[in-house]
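K.L.:
Sharing the record's features from Swiss-Prot:
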- ASN71: N-linked glycosylation site (CARBOHYD)
- 219-239: repeat 'LRR 6' (REPEAT)
- 266-289: repeat 'LRR 8' (REPEAT)
- ASN267: N-linked glycosylation site (CARBOHYD)
- ASN340: N-linked glycosylation site (CARBOHYD)
- 381-433: region 'Contains the Ser-Pro(4) repeats' (REGION)
Amino acid sequence: MRIYQPTLLIFTTVVLLSISAVAPGGSRQLLYTRDDPITIPPYLIFENVRLERAYVALQAWKRAMISDPWNLTTNWFGSRVCDYNGVVCSESLDDPLVKTVSGVDLNQGDIAGHLPEELGLLTDIALFHVNSNRFCGTLPVGFSQLSLLFELDLSNNRFAGKFPEVVIGLPKLKYLDLRYNEFEGELPESLFDKDLDALFLNSNRFRSKIPVNMGNSPVSVLVLASNRFEGCIPPSFGKMGKTLNEIILMDNGLQSCIPNDMGLLQNVTVLDISYNWLVGELPKSMGQMENLEVLNVERNMLSGLIPDELCSLEKLRDFRYGSNYFTGEPATCRYLENYNYTMNCFKDVRDQRSMMECKMFLSKPVDCDSFKCSPGSSCFSPPPSQISPSSQPLAPAPSPTSPPLSTPPPARPCPPVYSPPPPPPLSLAPSMN
């Protein structure tokens, strides 16, 4: 009987699992410990050594699963690993005569457990999709061996801890989806220097300022919604104009004016900065966002006049600007397919704030420089309120309350997050060259 114990991987594993990984509402008290190596029965014959390594990785992973309600891994035995449910095989990139495991897709399996270090033996995989399960713990260091990994989807699980920086070193990674987990702390600046195409971090517990180098990222889709980010919208994001198509920053604690460089995002089709604490006017430069289709700035403390150029954008069809302190809107806004103008300070218009509330708020000027975001982070200052980050409370939870001085709205579910679906399951990644 062969014992597989490669030197690059540590097989001793101690992982604290949560009872909630098995049933909702439990407390963390289940300790899973394993220090025995994976053994390969002598009667198993493998087509090549890479498939043998894949067998070890998958058997270790199966051991790390404590619940598989749909029995997806019941056929995970024997040497024919390419026949395992959720396992994709193809020709090796460096040798077309060698078959290897090129992807794993266990999406929507409701499997509970953790990811073992041995998964680092799957050195040929391009796709790793495990969304909508109950995996917990952290991303193992062994993932640093996955030099061909192109798509990593860990969304809708119970992973926790700091941002898994092991992904920063994956040279081929283009698609990273960590949404709907329990990751926390700060985002590393190096994340935005990485050559990603899509980045989904929404609905976690990240709490920090957004790194100032966010604009270095070449992503086409960036979703940071429903976390606890605070401070400024980094002015550097104007540099993303050539690549960015969708940006979702809603439901955080951002406090600043909107940078004038917003107008440089001329390829953006969806922009959502609702449910924050943004102040000042909408920059007139936003009238240059010629591809904009959906714009949501609801539930902030914005004021002044809505630029004529904005509602005249040819492709704009959905503009939500309710629950702010705007004092004027062009008539063209009311001709859009979808719009929301309520709870502002428009005169002689129904469903607005009271005159007293508007007067109190608008009597204090906004000083965009007080936020000290950086040069270029100015906005056109109307007469609205002087609100500094130190005096204005941060949104304490993923669903911020309405701004101060306003009548609190009735309780409502968290707002939707515009984001495209994950990549098609079992799809082959683009060229790894």
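In case you wondered, yes, glycine gets a Cβ from its N, Cα and C as well.
As the structure is a computational prediction, the values presented were derived from the model and not from experiment.
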K.L.:
Please report the number of other Cβ atoms within 10 Å of the Cβ of ASN340 (N-linked glycosylation site).
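P.N.:
There are 15 such Cβ atoms around ASN340 (N-linked glycosylation site).
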K.L.:
Sort ASN340 (N-linked glycosylation site) into helix, strand or coil using the DSSP assignment.
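P.N.:
Where ASN340 (N-linked glycosylation site) sits, the three-state DSSP reduction gives strand.
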K.L.:
In the repeat 'LRR 8' (266-289), how many residues does DSSP assign to helix, to strand and to coil?
P.N.:
5 helix, 5 strand, 14 coil
K.L.:
With the cut-off set at 10 Å between Cβ atoms, which of these glycosylation sites ends up with the most neighbours? Options: ASN71, ASN267.
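P.N.:
That would be ASN267, with the most Cβ atoms nearby.
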K.L.:
Roughly how many angstrom lie between the C-alpha atoms of ASN340 (N-linked glycosylation site) and ASN267 (N-linked glycosylation site)?
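P.N.:
Their Cα atoms are separated by 24 Å.
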K.L.:
Mean pLDDT, the region 'Contains the Ser-Pro(4) repeats' (381-433)?
P.N.:
39
K.L.:
Helix, strand or coil by DSSP: which one applies to ASN71 (N-linked glycosylation site)?
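P.N.:
Assignment for ASN71 (N-linked glycosylation site) reads coil.
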K.L.:
DSSP on the repeat 'LRR 6' (219-239): how many residues come out helix, how many strand, how many coil?
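P.N.:
Counts, helix then strand then coil: 5 helix, 5 strand, 11 coil.
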